[in-house]
Amino acid sequence: MAAFSVNGQLIPTATSSTASTSLSSRRKFLSPSSSRLPRISTQSPRVPSIKCSKSLPNRDTETSSKDSLLKNLAKPLAVASVSSAASFFLFRISNLPSVLTGGGGGGDGNFGGFGGGGGGGDGNDGGFWGKLFSPSPAVADEEQSPDWDSHGLPANIVVQLNKLSGFKKYKVSDIMFFDRRRQTTIGTEDSFFEMVSIRPGGVYTKAQLQKELETLATCGMFEKVDLEGKTKPDGTLGVTISFAESTWQSADRFRCINVGLMVQSKPIEMDSDMTDKEKLEYYRSLEKDYKRRIDRARPCLLPAPVYGEVMQMLRDQGKVSARLLQRIRDRVQKWYHDEGYACAQVVNFGNLNTKEVVCEVVEGDITQLVIQFQDKLGNVVEGNTQVPVVRRELPKQLRQGYVFNIEAGKKALSNINSLGLFSNIEVNPRPDEKNEGGIIVEIKLKELEQKSAEVSTEWSIVPGRGGAPTLASFQPGGSVTFEHRNLQGLNRSLMGSVTTSNFLNPQDDLSFKLEYVHPYLDGVYNPRNRTFKTSCFNSRKLSPVFTGGPGVEEVPPIWVDRAGVKANITENFTRQSKFTYGLVMEEITTRDESSHIAANGQRLLPSGGISADGPPTTLSGTGVDRMAFLQANITRDNTKFVNGAVVGQRTVFQVDQGLGIGSKFPFFNRHQLTMTKFIQLREVEQGAGKSPPPVLVLHGHYGGCVGDLPSYDAFVLGGPYSVRGYNMGELGAARNIAEVGAEIRIPVKNTHVYAFVEHGNDLGSSKDVKGNPTAVYRRTGQGSSYGAGVKLGLVRAEYAVDHNNGTGALFFRFGERY
């Protein structure tokens, strides 16, 4: 048995039973763990989806050069999306061969770095353990004919490898590993099976089997290894690999270092004519070089608990063995990949014959960030969007000097997608050919068209005098919308829309909105995130203040027209918190169903006539109010989706402050606080196709007003977004209100069912509204409801019971209540 001395200890080299000593043909191994790179993608322009694909590793028997590997095997992690806000983001996992292999070899044997392989290694360009722990490509030539030759020997006899014919192709029926020390046959789940490239069912020549044995003998895993065949009755050959596992002295320290971006030194070849003294100096020189190397290396990201687990492994095992190092490698790489460091891999172990085990990791340091714009065909073009607009959306973890993390790529996808400027987004990490172990992050963007226009139409039917519709009663309506986005490449936009329910007589209810949005108010390079927005508008809505209570005849409707301008600034403190403040100036006109100005609400008389002596509709008493007021709101929303279910908390506080400018010099303070909490009742496994958790929703809302209060701004109770089971405003209109509610959501197949209970109360303030519309229209001022429902796509179908009258009804609503 050959041996050499390191630190005064004899280190055995592996031996094989073959007579061949040619080690010039070494196979290049690829790490199995690092080959699994997440691939985030979307398949449709609207809904992200998940697929899992696998690409088979290269089976070529020729050792590829590093440049060839980088060209052929460098596969990107693609992050694709669309301009629409995605509610969730999912991964595509591809089994890709990794090019992040270890650095240059460090010597011939079990000295510190093991760069070239322990026990007779030859110092190839890959890290010793990067090769040692990796499945090698199968040596069978897949391009060859599947024909094979029978062994031509009696069945069930053992044949030494050197006794096989060099002219035959042998079909391998099965492979077994036999541990000589334990005198047992190990199962296929054992990590040693990762080392073997031959496969059951494969066809191999004697030379290929000899090459396999030589590779195993020189990998450093085994002190002794042998390969023999056993003939089968069907002419195939069973292969048994018997081995004695390599071991080193016990260790009581563990160290993990990041060797990414470190220049790999090329060792000086040892002259076979060296004297023992020269060899000793040679090994000491290698040890010094390795010590300087690990001293220059950066500490890895591995946390203390994982260090503790590895130390426990070392204490429990005693001597350091190849299997133990594989377990350490698996545990270290599992932590990296669980934490999202998809490009990290263990490439080497050093100091194995000292009291310290050094684990070398290439973590995937980002060396460069590249942003590219592409046309529809994927050609690189000069984009309209200014690059700083994209850069400010990237998390710092995706910049040069940080370790690439899949979560940072996911966050970059979400942030860039929220700009609404791109139809497709890709975040591709690829190996840096100029920096060993480095990662170049490429961000590829396809821009949306800057200008767009849309026309939507709808038809309404107005009954004629006899109650039945006529041809003339069909009214075409709809809206026209246009948008010019990304002005000057700075994400500024101009949007406009015009809406009417009757294109034939648009003057009846024509509404419009023209809005300009100016982000990066403090400059695109300023980290402060403020957006200026201004708009002019004209809208019409039915007022729920003038609504009858239970048992009251139908109350003639009052429409509220608002026309004016608004300007505000929104400052995003974080992704979850924002603050908006601005000025609103508007003219409010109240009209009856004939579009005439109505200064008072109307009532139906017992005689069937209509009385116009109801509560005043405006503060001025003329049916027309003008006012200016400040408006501010702060929102904190940390909700998230868990398999499609909303979980978290949302809080909104809004204040409107009158300035005493306008009709009757209105001065008031109107404030609202809304709090909603979504409580996850059970932990569930997250992922595509997984069931969402049951959720308990708790909701509270308070609104109050001090000072002047026109009736159209009073708080109303009742309706699908107040207290369900009642019509809009059916419970009352008040100066102060309180609402509470609870809802439990239980997932069922592809949807969820829910049960709810809600209550609303005017806190005795209905009488303080001018004209007391609550009393005039015989409303109670408070009410409760309960019920259950099911979500059908975008529609809520629910049965709600009005607790005041004890009657129930079925409702169909769009959207969510909370």
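Glycine residues also receive a Cβ, built from the backbone N, Cα and C atoms like all the rest.
Not measured: the values here are computed from a predicted model.
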Swiss-Prot annotation of transmembrane segment - which of the ranges 510-518, 726-734, 753-761 it falls on: 510-518
Q576 vs Y799, same side of the membrane according to Swiss-Prot: yes
Listed range which Swiss-Prot flags as transmembrane segment, given the options 259-266, 555-562, 563-570, 675-682: 563-570
Residues in the topological domain 'Cytoplasmic' (703-714) grouped by DSSP into helix, strand and remaining coil: 3 helix, 5 strand, 4 coil
Outside the topological domain 'Cytoplasmic' (703-714), six or more residues from its ends: residues with CB under 8 Å to it: 543, 545-546, 560, 588, 590, 601, 615-619, 625, 658, 664, 666-673, 733-737, 768-771, 773
For the topological domain 'Cytoplasmic' (483-509), mean pLDDT (0 to 100): 86
Outside the topological domain 'Cytoplasmic' (483-509), six or more residues from its ends: residues with CB under 8 Å to it: 383-386, 389, 419-421, 447-448, 450-453, 458, 460, 475-477, 515-520, 524, 540, 595
Contacting positions for the topological domain 'Cytoplasmic' (571-578) when only residues 6+ beyond its ends and CB under 8 Å are counted: 528-531, 634-638
